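Asker: The structure is given below, and queries will be raised subsequently.
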Amino acid sequence: MKLNIALLAGDGIGPEVIDQAVKVSNAVAKKFNHEITWTAGITGAAAIDEVGEPYPDSTHEICMAADAVLFGAIGHPRFDNDPKATVRPEQGLLKMRQKLGLFANVRPTFTFPSLIDNSPLKRERIEGTDLIILRELTGGIYFGERGRKDDGNTAFDTCTYTRAEVQRLAKLGFEMAMTRSKRLCCVDKANVLETSRLWRETVQDMEKDFPEVTVSYEFVDAVAMRLVQWPNSYDVLITENLFGDILTDEASVISGSMGLMPSASIGVHTSLFEPIHGSYPQAAGKDIANPLATVLSAAMMFEDAFGLKEEAELIREVVNKSLAEGIVTEDLAGKNKAYKTSEVGDWLAKNI
Ligand code: IPM
Ligand code: MN
């Protein structure tokens, strides 16, 4: 099969972790006789430096022409403490989501048997966790009208959702639940917010189309608590953009390391696969960052964008083997030897 992939390394540790995912993907392609064409594009602070904007049209064209996008990370500390900066790397990510129509962000949360004691949460709480947070990604407060009034002394951000936006996200959630444990949780704040009441009403209307799925409705504050108390009581959770942003970071604690969790963003045009961690600027260029989240994002890409399940499973198996054998970066090494980012990538590629 011919696989045409756009490669956006981005900022910070992005290029280093992307390199390892490329090595592993190329090894998989070789083994299964696929032909990958990688086309690199610039994003984030790197693109601001080069052309003055974080998601230039040239990059968008590369993404539109590809069958999948593999993405590293975006963000640079020089923008973080400058509230007056008008062009920011993160705008690139938002623009990319919007222009590619990536309305659903799929973030699986699971535990790795060999790492279960890495999580700050007790083993008996998290064992067996296998949940997916499906976050709406192109609507809500992230994209609503915002501004200042009253001579700059009042600021506002507005949250808007249409029924159609909720429906398309919820439909994916129901379909996903059907392939799993058939449990769907709609996370909202319907006791306060009108947008949440629209979410609840829309999902309730859709229940009749998926009679086998058991749907629960829970407030986001309660979910924040239950997610770390009894994560294995959840299967698929659907929620709006900002709630999803917060809950997915919280959920990453369950797996023991942000450096392990992959994600997929899907929608109207080309799907995008990226680790959930950020650009980790303190580690940039040091060859110490954990590449596994990006490697596992590549596995999601093989499966979801190309329907290549066996290839994806092989990547996951080799990742599990590296964890079991202690071929890990410093974040997971504890008192044992820590391997470099590139060494982990080489080991994975060799063992494919
Ligand atoms: C994420 C990130 C982004 C978000 C930022 C970098 C804009 O936190 O992908 O979760 O808030 O969506
Ligand atoms: Mn986030």
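All residue numbers here begin at 1 and follow the chain in the order shown.
Using N, Cα and C of the backbone, Cβ positions are placed for all residues, glycine too.
Note: TrEMBL annotation is automatic and uncurated.
These figures come from a predicted structure and were not determined experimentally.
Under the heading substrate binding site, TrEMBL lists ARG97, ARG107, ARG135, ASP221. Among the features that TrEMBL reports, Mg(2+) binding site is placed at ASP221, ASP245, ASP249. Annotated domain 'Isopropylmalate dehydrogenase-like' per TrEMBL: 4-348, in sequence order. Residues or ranges marked as site 'Important for catalysis' by TrEMBL: TYR142, LYS189.
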Asker: Ligand 1: which of the recorded positions ARG97, ARG107, TYR142, ASP245, ASP249 have a Cβ closer than 6 angstroms to it?
Answerer: ASP245
Asker: On a C-alpha basis, identify the one among TYR142, LYS189, ASP245, ASP249 that is nearest to ARG135 (substrate binding site); the candidates are the recorded positions.
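Answerer: That would be ASP245, nearest by Cα distance.
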Asker: As a test of the contact definition, list every same-chain residue at least 6 positions from ASP221 (substrate binding site) whose Cβ is closer than 8 Å to its Cβ.
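Answerer: Listed in sequence order: LYS189.
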Asker: Rank the recorded positions ARG97, ARG107, ARG135, LYS189 by the number of other Cβ atoms within 10 Å of each Cβ and report the first-ranked residue.
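Answerer: Of the recorded positions ARG97, ARG107, ARG135, LYS189, the most buried by Cβ count within 10 Å is ARG135.
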Asker: Is any of ARG97, ARG107, ASP245 (binding-site residues) within Cβ reach of ligand 2, i.e. under 6 A, and which?
Answerer: ASP245
Asker: Measuring CB to CB from TYR142 (site 'Important for catalysis'), give everything in the same chain under 8 Å that is also at least six residues away in sequence.
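Answerer: Correct list: LEU94, ASN241, LEU242.
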Asker: Measuring Cα to Cα, how far is ASP245 (Mg(2+) binding site) from ARG107 (substrate binding site) in Å?
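Answerer: Roughly 10 Å, rounded to the nearest whole number.
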Asker: From the Cα of ASP249 (Mg(2+) binding site) across to the Cα of ARG107 (substrate binding site), what is the distance in angstrom?
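Answerer: ASP249 (Mg(2+) binding site) has its Cα 10 Å from the Cα of ARG107 (substrate binding site).
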